[in-house]
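Trainee: Below, the features straight out of TrEMBL:
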- 20-42: transmembrane segment (TRANSMEM)
- 76-179: domain 'Late embryogenesis abundant protein LEA-2 subgroup' (DOMAIN)
Amino acid sequence: MSKDCGNHGEDDLRRSCRRLLALLLVLALIVAIIALIVYLVLRPTHPRFFLQDASLRQLDLSNGSSNLLSTTLQVTVASRNPNDRVGVYYDRLDVYASYKYQQITVAASLPPVYQGHGDVDVWSPVLAGPSVPFAPYLADALQQDCQAGYLILQVKIDGRVRWKVGSWISGHYHLFVTCPAFLVTNGGNGAPGASGFKFQTTTTCHVEV
């Protein structure tokens, strides 16, 4: 009699374990379904950036044993939040210009801003880089581009963003934006200089989050 009671106890334990496991599997399935529904409904998309203008005010390359480049560039950058249900907090945005992957201006900080659904924000910072050390091969490339009558700079944005859905706000995400700036002149003069270079066209920026 006692042996049967012992077997019944083991059977009850096994049944309890199976019920608990089944419950956990059902809960996991429900959570996965809810997450999938939220994703399909919200479909979060990274913000879109556009370079609307780039005005080159200074581009001076010093002569001598050490190449120093002085650059002043005013840019107009626009950002649009394409999401219908997701807001974006821009907590930090640092903008700078580069030439062939070398940074040529000091980063300018943009004010923090919240971007609601479908909102558009526009910034026009002045980017300055006085006497930046410049590699000799880059100086040669710059001379050749100016002589050819065109110049391609990169306007880059390094920042941190957060997403807002209802009352929920996410943690920070790294934002990196690259905008090509196409500048042309009617005729090259064979030397760097801001004179004659005009912004060619509005460009769509590459955005990584």
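Heads up, the Cβ atoms here are built off N, Cα and C, so glycines get one too.
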Trainee: Mean pLDDT for the domain 'Late embryogenesis abundant protein LEA-2 subgroup' (76-179), as a whole number?
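Mentor: When the pLDDT values over the domain 'Late embryogenesis abundant protein LEA-2 subgroup' (76-179) are averaged, the result is 93.
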Trainee: Give the residue counts of the domain 'Late embryogenesis abundant protein LEA-2 subgroup' (76-179) per reduced DSSP state, in the order helix, strand, coil.
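Mentor: Looking at the domain 'Late embryogenesis abundant protein LEA-2 subgroup' (76-179) with DSSP, the answer is 13 helix, 63 strand, 28 coil.
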